[in-house]
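So that you can see what the record holds, here are the features copied from Swiss-Prot:
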- 10-30: transmembrane segment (TRANSMEM)
- 57-77: transmembrane segment (TRANSMEM)
- 92-112: transmembrane segment (TRANSMEM)
- 119-139: transmembrane segment (TRANSMEM)
- 194-214: transmembrane segment (TRANSMEM)
- 220-240: transmembrane segment (TRANSMEM)
- 254-274: transmembrane segment (TRANSMEM)
Amino acid sequence: MIYLHAIDPIAFSLGPVQVHWYGLMYLAAFFSAWALGRSRILRGRLPGVDMDGFSDLLFYGMLGVVLGGRIGYMLFYAFETFLANPLILFKVWEGGMSFHGGLLGVLIACWLWARKHRLHFFDVMDFVAPLVPLGLGFGRLGNFVGGELWGKFTQAGWGVIFPHAPELADRLPAQIQAQYAAGALNQFARHPSQLYEAALEGVVMFVVLWTFSMKPRARYAVSGLFALLYGVFRFIVEFVRVPDAPIGYLAFNWLTMGQILSLPLVAVGLVLLAMSRRAPVLQPVLPVPAGVEAAK
């Protein structure tokens, strides 16, 4: 049954402060990363690092996601808008985050953290990779709740009508409700591409990466699998997702910026998986409790 999107993007209000679902999804993403990371730390999957060290790593990662995601969006998708008004960079509440920018931010943050703790960069990335997909899934759910980044038109029975899409933007909510009830808006149903990405980049990637990383793997393998899966899934979903308005299609009347940015991930993923065939395997080492270490 075709669904009319009517979710209030504001979860609740605390006096004059409005708490948006999108912000709550970010909190859920960081909490899931903390919970999963804690489990891996306690099982010794990043030797030499305890919970204090992991908390430090998570802080670095959070900064990388937020700063990289916002800057990346401005550079990749809204550069002209940014040049016209550079202060828009700080208006994060207006939306606009890029996964590829966030990934670059996380890579830089993890490199700095790994250097600080004298660890191999890819040992850190292999540890971090399984913590990311659930956060990606929560982010895509936030996109769906906010009624943004919708897909192309579809006749599928699970299509979604987005009231803020261009074809309905000039209609009043009451008009939209009445026309939807009469079945007059079915031709405006779109692919819920946000939910496709939540399923593929969130659920499927998490199950595959978490299961794969349960056993000690060769260096580069987990990171390579992450890059390969994300690049492939994102490239596929872009075929049913409307390209960002300021850019549109870049070539062939179908190639999008998201696909161009995903192709290097596929290539990097394949290279890392090939490198892992001759790389050492990082064996788990359980962290030493602080009290025991002090007694020594």
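Each Cβ is built from the backbone N, Cα and C atoms, and glycine gets one as well.
Of the recorded ranges 10-30, 119-139, 194-214, 254-274, the transmembrane segment (220-240) has the largest number of C-beta contacts under 8 angstroms with 254-274. Listed by sequence, the residues of this chain that lie at least six past the ends of the transmembrane segment (10-30) yet keep a Cβ under 8 A from its Cβ atoms are 58, 62, 93, 95, 134-136, 138-139, 141-143, 145-146.
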